[in-house]
């Protein structure tokens, strides 16, 4: 199933199939995969439009009448002798599957009585049995001998008729009869439903956490008693409440239902079918009996009773791989569907997931090939090791990949070639990236009063790409070719090769990254900046006090203030600090060192915010320590009995901004906030959470700020150099899309702790806060990217503000933030000179010094498409695509965003197929692009682009903003989580066990696995895990005694426990946010959340499995190539 694996193929995708209209049709032909979930890419059994009577030309649908539905009698055991597959245990008597091709609902389906007429959603129009038999006879179904090419794709060796034969889906597992199978084990009683777990916070407590509080309103509208409280992303209650119909356009007449603890669905369609995935019933298509032809034959005896293509709670069957070209060498043949309940049906074997490109294989190969020796940056246009490989960098003239990663290290020479390939040309830049201890940070160069040497015309800074001429008296700019005089103090003679003799003594002539001391000309208003300030603004409303946040923050700040950022660890930080508390009004505190007690001043006129004191608000920590500690002790006591539930938000940021203006310095606001700001004040918001808009064209409005006030405020903050970091502790909707405007425009961060509970979330919050306060950062920054003639930077992604088309303005820039830059051609490039880019960031260091950080990058240029594809980096391409798509949801319907992603990916691969897949080059070129489909599918299935019924709008907005500043290593693990088999851990070795692919069928019931995605760590424990393993990890040999609520592992005195805890700590140290540990026992309620991260499988929200999506991409590519 490799998209481009084998060298010897002529026309790998076969011919296009007439009548396939491409992706924009609903789903893959709409309808539902026989798996129990709405399908994003359901089996493609016919075009979504233009039905004629009789089968469309060139395409034969499966029989839609005739074969009887699969009955309960044909039940097969779900597990073979090995018992290695997963799935729920038999509950009393295991549930039975409903008829396979019926639109599946979590309610029970009437199996005994007559079937209700369903809207026909799959397949071609009904055909008579005779027609169908004739069609079947004309198809050649049979295996061909494997070709010498091995298991790739070879030109089909069958007639055109065979090519258009849809193959049957693999056989569904069926179960011994009881009631119809729910999509997961039903809770015993409605009330026993688990509270939804949120991955971005703790589970909500079972009863309402704050008895006296205004009850948190449910984010889902009026709910049934058993409906869950508002939930955070990726938690899975089974169905939306009755009051809110699933978003489906094709209404299905309800069959008799039986509640499984979730409210019945209004339209009896599957939960959360987005309108764009369900085709309306076609006119002229009478609703007929449910098609049984999709059911396929029972498992073959040799298959040990495993459900084919299993990947879900009940072993969902992956849908048919759409549009396969009959038999292809080395692979099983997917025959045509059985025509009648006739003699033995053709054997359908599962498509082996091991035959499709494996991310783990590529990652391991790269570690083996590139992890051993240092990566030297002196060679232009060489692609660095992958982000998953541990390697050392030696700077020899280009910036380290830790600072800049490109989508392509070989740029097309002209725009036509770029347009043809569709590969985005972009760089992901992380200007202040932290380096490992064995690498040298950038050198600081001081040219004195005169400042850095620059090109006269384009103002590029001196770098290794400047060519010295005329004996060293002038230099020619590598970016614009202009010739500039060398100032007398900078003159140096040239050696016989034309290089300056001091080349290797000067970082700016020999290194890719370095810093210049900036002169007063580079400072705001031409004066040296003041040291920056940190202001802590703490919400003291009822919720914030009751959940423990206020006490925790005040307690932590007492010690944290000793760790403010500084450049020299031996000198104390010269960052000043200030404190504000607020609910409906603001309280400022005078903590001047000369006071015995802090003084509080209340500003209740929030409509016109001002700072009531100048002297004593911003102070030096060491001078005012006693007063500050006294204040931090008093705040929790002062507000312990508060009854004030309302908060303001806009005036809080205004207050911090005014304080920085008054002190004439840049700085950072740390805002700790708990609820939607509904109190009367500028920036007041209303609750606009409306799940009914999800999946409609109006959905984009939910990602846009609801008022323009915060955009204007953000602009003022950027001018002052006021960066805002927001820590949210919501119990309900707080409109992250609007509250996040200021943080994301000022280079700040958002942290979110939904249903915050001190006991389980304190560790995560405090670790995030400590890192956020201590991390190296620059203030009042401006970044500009210059390029050599032929390309220019045209688009930028990240957390910043732009007042013109070239300058990226960042009130704050920390070591975790990236800015992604897209380049376009404005002229031709030459293969000799290549293409150059220089990123210059002007910023104020935490000590108050004005500096310029320069990163230079040279890439090759090519006139052959094969060279472009050979030097692409898929991880960076996906990082760019995700940011592009996540920004597009602000202005386009999500369906269009998804379609354009699929389309661009198909074009990239089709162009590669057409122009590069010759026997000579195919081998090397494919390795970088072959993972594009698996990773792109992860982006398409992400919560932002394909939400489940249970993910809140706030969490989608939060993730959308989070991804916009991710670097490549963060986006890689976020979209394709790392899954480590701990039962294979060698405690003697320092290396980790090799990761396994993110699919349920890779999990062994006897294993324990660690999954991390940069935001969460899950420890999944198999139900048959060895007692010794459990004893070593949890201190108990019994699976049943493991506490699923633990958030840290016990410190046991055995080598395995020590090594595992070390691994968890080292994994956490690699990520910019602290990951809370969740223990997931197999078959426990939390397992649904865990499965959400098994991204190669079908998702609950209707996302395709990797295999299905790959088949869909093949169909798209074939269509483009025709």
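If you go along the chain as it appears here, the first residue is 1 and each next one adds 1.
Even glycines carry a Cβ here, placed using N, Cα and C.
Over in TrEMBL, the protein carries these features:
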type	residues	note
REGION	1-360	region 'Disordered'
COMPBIAS	12-26	compositional bias 'Low complexity'
COMPBIAS	52-63	compositional bias 'Low complexity'
COMPBIAS	72-86	compositional bias 'Polar residues'
COMPBIAS	87-98	compositional bias 'Pro residues'
COMPBIAS	118-141	compositional bias 'Polar residues'
COMPBIAS	142-168	compositional bias 'Low complexity'
COMPBIAS	183-214	compositional bias 'Pro residues'
COMPBIAS	215-224	compositional bias 'Low complexity'
COMPBIAS	225-244	compositional bias 'Pro residues'
COMPBIAS	280-289	compositional bias 'Pro residues'
COMPBIAS	302-312	compositional bias 'Low complexity'
COMPBIAS	319-337	compositional bias 'Low complexity'
DOMAIN	452-490	domain 'Zinc finger Sec23/Sec24-type'
DOMAIN	778-861	domain 'Sec23/Sec24 beta-sandwich'
DOMAIN	874-971	domain 'Sec23/Sec24 helical'
DOMAIN	991-1064	domain 'Gelsolin-like'
Q) Taking residues 6+ outside the domain 'Zinc finger Sec23/Sec24-type' (452-490), which of them lie with a CB under 8 Å of any CB in it? A) 397, 445, 498-500, 508-512, 516, 518, 786-789, 836, 838, 840, 852, 854, 856, 858
Q. Could you give the number of helix, strand and coil residues in the domain 'Sec23/Sec24 beta-sandwich' (778-861) as assigned by DSSP?
A. 0 helix, 54 strand, 30 coil
(Q) DSSP on the domain 'Zinc finger Sec23/Sec24-type' (452-490): how many residues come out helix, how many strand, how many coil? (A) 6 helix, 11 strand, 22 coil
(Q) Just to be sure I understand, if DSSP states are collapsed into helix, strand and coil, how many residues of the domain 'Sec23/Sec24 helical' (874-971) fall in each? (A) 70 helix, 0 strand, 28 coil
Q: Averaged across the domain 'Sec23/Sec24 helical' (874-971), what pLDDT does the model get? Just tell me the whole number, please.
A: 90
(Q) Summarise the domain 'Gelsolin-like' (991-1064) as counts of helix, strand and coil residues per DSSP. (A) 24 helix, 12 strand, 38 coil
